[in-house]
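Over in Swiss-Prot, the protein carries these features:
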BINDING   Thr10, Lys42, Leu74, Arg88  substrate binding site
BINDING   Thr10, Phe11, His18, Gly89, Leu90, Arg91, Glu99, Asn124, Ser125, Phe126, Ile127, Ser128, Ser129, Ser130  ATP binding site
SITE      His18  site 'Transition state stabilizer'
Amino acid sequence: MHRRAIYPGTFDPITNGHADLIERAANLFSEIVVGIAESPSKKPLFSLEERVLLAQQVTENLDNVTVVGFSGLLVNFAKEYEATVLIRGLRAVSDFEYEFQLANMNRRLAPNLESVFLTPAEENSFISSSLVKEVALHGGDVSGFTDARVASALEQKFSGKRPGKS
């Protein structure tokens, strides 16, 4: 049975935690569409085009994964791609409450769309895009948390913008 799942997020930037979930989801479903949300209210560091490109690079070895940007309601994006499943990651109990509300709202808007929750590998359980950006901003080594191309892109973004530098 062909099952297409959407893994939505802002991915600003994509981390090893995201990449691990994508790879594991790709083993569970016929096709994964990584939907990168425009998310202007979050004021992303990387443009939508940059985030899509970085995610494409990180997932290039996965034949059943496609990366696309989107704006608007997630349920409409899922309908457009004829997906029946949403993949969501849960790092901690604090994620659960928000994700539970989101899953119920999505189910109300699109009753045939199921949410499937995956927990991270232990070594990725603390990684978030926000923490990775904070470490990179202060010149820390993020190579253990992101793909080398993402680490390089962060270095370029923060070059000359670090606290204490003019």
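Cβ from N, Cα, C; glycine included.
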Three-state secondary structure, Lys42 (substrate binding site) (per DSSP): helix
Proximal residue to Ser129 (ATP binding site) among binding-site residues Thr10, Lys42, Leu74, Arg88 (C-alpha distance): Thr10
CB contacts for Ile127 (ATP binding site) [other CB atoms within 10 A, all chains]: 21
Listed in sequence order, residues with CB under 8 A of Ser125 (ATP binding site) and six or more positions away: Gly17, Arg91, Ala92, Thr119
Rounded to the nearest Å - Cα separation of Thr10 (substrate binding site) and His18 (ATP binding site): 11
Shortest C-alpha distance to His18 (ATP binding site) - which of the binding-site residues Lys42, Leu74, Arg88: Arg88
Pairwise Cα distance for Glu99 (ATP binding site)/Arg88 (substrate binding site) [Å, integer]: 8
